[in-house]
Amino acid sequence: MAIAEHPSAYPARRPDRLGAAIARQGTAFWVAAALLLLMPLLVSSFWLVQILAYAMILGMIALSLMFLAGYGGIVSLVQMTVAALAGYVVAIFGHSAITQISLGWPWWAAVIVAVLIATAFGTLSGALSVRTEGIYTIMITLAIASAFYYLTLQNYTVFNGFSGFNGITPPVFLGVDWGENIPFYYLVLGCSALACWAVVYVARAPFGLALQGTRDNPRRMAALGFDVTAHKIAAYAFASALAAFAGVLLVWYQRQISPGTGGVGPVVDILIIAVVGGLSRPIGPFIGALVYVLLRTFSLDLLEWVGLDGKRFQLLIGLGFLVIVLFSPDGLIGIWRRITERARRSREARAAQMRIGGDAPGGTP
Amino acid sequence: MGDFIARRPIWSFLIIVFAAILLWLVFAVWPPALEASLGRKRVFLSALFNGITLGALYFLVASGFTLIFGLMRNVNLAHGSLYLMGGYIGYSIGELTGSWLVALLIAFLVVAVVGILMQVLLFRWMEGQDLRQTLVTIGLSIIFADLLLWSYGGDTFQVTTPEWLSGPVELPFIVGLRSSGEAVMMNYPLVRIAILFGAIVVGIAMWLALNRTRVGMLVRAGVDDRDMLSATGVRVQLVFITVFAFGAGLAGLAGVVGGTFQSLQPGEDIKILLSSLVVVIVGGMGSIPGAAMGALIVGLAEQFGSVYMPTYAVMLTFVIMVAVLAIRPEGLAARR
């Protein structure tokens, strides 16, 4: 099912035609971008950070899965683990309240080390799981993810066991305290936009096209001289780097990290977010994450309003996920696309009818 | 067997040496030097037996999982939920009727019916779509987990061990010598030994059913080539439903068994699911002997790990999995 759209062939880019570049993205894109940029004026800080920023962070992790699944046909459950590992490394090498473990490096050094280590880990797990194919990957990555969870739970010398690390703060940089609500929102927004752009760019680059080739027909790609395994491992590396950056943001958002961050629940949640949003476009995971965070935050009120026990949040998530998987394999954006398609078609049909019927323009059919 | 020795003389030699050392460790009276380095023999023996009986439980769960995967290419991530469901049902029936065997039987039947419903209502309509089926099982496992939490709460339950299975039994293994020179024998819970025998009986019955009956022949043919089997006029759907019912029922039965010598609580479903995943990955997917081998390895690794390296017990299991993946990605018992 995880079939991403082939990026349509764009005409050769000419930097002097800015107007064309703006027009190419479509109105919806610019409206959304303006809305996101102006969001701090419109909503409270609760919505800004707890809902939007959190959704974008989860969206970035899910985006890394979308890249693997949509373009590479690899469904990996290890992305949340990569993010959690990056968060842990930030806590271990940077500052936290657990001073006997944390090394107290400057934040930028900790972040670089975190991204490197987490990317290496993600690539290694990828190398381990690409040796088997298809549906096996999901089992192996789930097993690796839970191994990491148990490691963090049982190891006290490095990961500080059950309690993990707390007191991790976002850095003060360029005279701005990035832990403040509005700077943090813009930081996350900027990173998400960058991540989205990176995914779109890589998908259109020769590497991305070759990756989509290996997804559609690995044997033919191998016959053409492409190294299928290497392409898949490289895809893991790219996706892991994305997830690692998101993990750094996640630990800054939570200001603490514990084994639960990379537990089996969150690991599966990322898959749910990506699938519910839709695996065919980079925007899908963000929509899925927004829906997930909204449901998670307001399910108590929602369920009690309907007259059910507010604790049945998981039931709601599970049922919603099942309905999406059963009826719309390409997620919420698939539903949206079908609706707009139908509207367009009925509009065209109406127009055609009018022409055939010879009605006066503007007359109701 | 002889073929194996001829093909891999070094490996066979190592296996034989290892088996000999193990036998010596089990039967001999340990000299003091060994006790000083490895700890008491009683601890070693109980870790060994606990590992084997835990492996028996894992085999019961994982054989259903591997059978369903082998035939239908369906990674049933709701298998752990079926286990927990069986355990809870067994607990309720056991409390109601007071009979352990009735609880075992009803848990098997009810969970088998749930399995049939899953196959008929859901998976039948998305045949050949591996990923979609797996996603559906994830959704189901979330729903089942929450429904079970809703009806049974977060408390820990234990299925009551029947009268005729409770209490320890003396095994013919010497754990040490008293100062008088009299041998101390090993005492071990009877219920665990019964479970081990049960699992062996189920394993042999499954092997016979797969290799000596017509249905088993159809299942094996289906594992090899599903499309060809249906082209020969076999009603494949019926075979699928049978296998799904049996695999699910086995998980439910294992739930009662696990609930008897371990405990039942939310979260147990994920633990069992992960164990079966590792068992099946280590053993080779879709193979019953592989499941038995993997279950034994994982059970032993968990128990010896928790005795000799307590902080990394669970990690040991995964290290084994990674090692197997690196050397033989298809699993130990996979056909080449």
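Using N, Cα and C of the backbone, Cβ positions are placed for all residues, glycine too.
As written in TrEMBL, here are the features:
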| type | residues | note |
| --- | --- | --- |
| TRANSMEM | A:27-48 | transmembrane segment |
| TRANSMEM | A:54-75 | transmembrane segment |
| TRANSMEM | A:82-101 | transmembrane segment |
| TRANSMEM | A:107-128 | transmembrane segment |
| TRANSMEM | A:135-153 | transmembrane segment |
| TRANSMEM | A:184-212 | transmembrane segment |
| TRANSMEM | A:233-253 | transmembrane segment |
| TRANSMEM | A:313-336 | transmembrane segment |
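In terms of C-beta pairs under 8 Å, the stretch of A:107-128, A:233-253, A:313-336 lying closest in packing to the transmembrane segment (A:184-212) is A:233-253.
Through the fold, the transmembrane segment (A:233-253) approaches residues 49, 53-54, 57, 60-61, 63-65, 67-68, 71-72, 74, 76, 79-80, 82-88, 90-91, 111, 114-115, 118-119, 121-123, 125-127, 130, 168-170, 178-179, 184, 187-188, 191, 195, 198-199, 202, 207, 211, 261 of its own chain, all at least 6 residues removed from its boundaries and within a Cβ separation under 8 Å. Using a cut-off of 8 Å between Cβ atoms, the transmembrane segment (A:107-128) and the transmembrane segment (A:82-101) share at least three residue pairs, counting only pairs 6 or more apart in sequence.
Beyond its flanks by at least six residues, the transmembrane segment (A:313-336) meets 1, 3, 272, 275-281, 283-284, 287-288, 291-292, 295-296, 299-300, 302-303 of its own chain at Cβ-Cβ distances under 8 Å.
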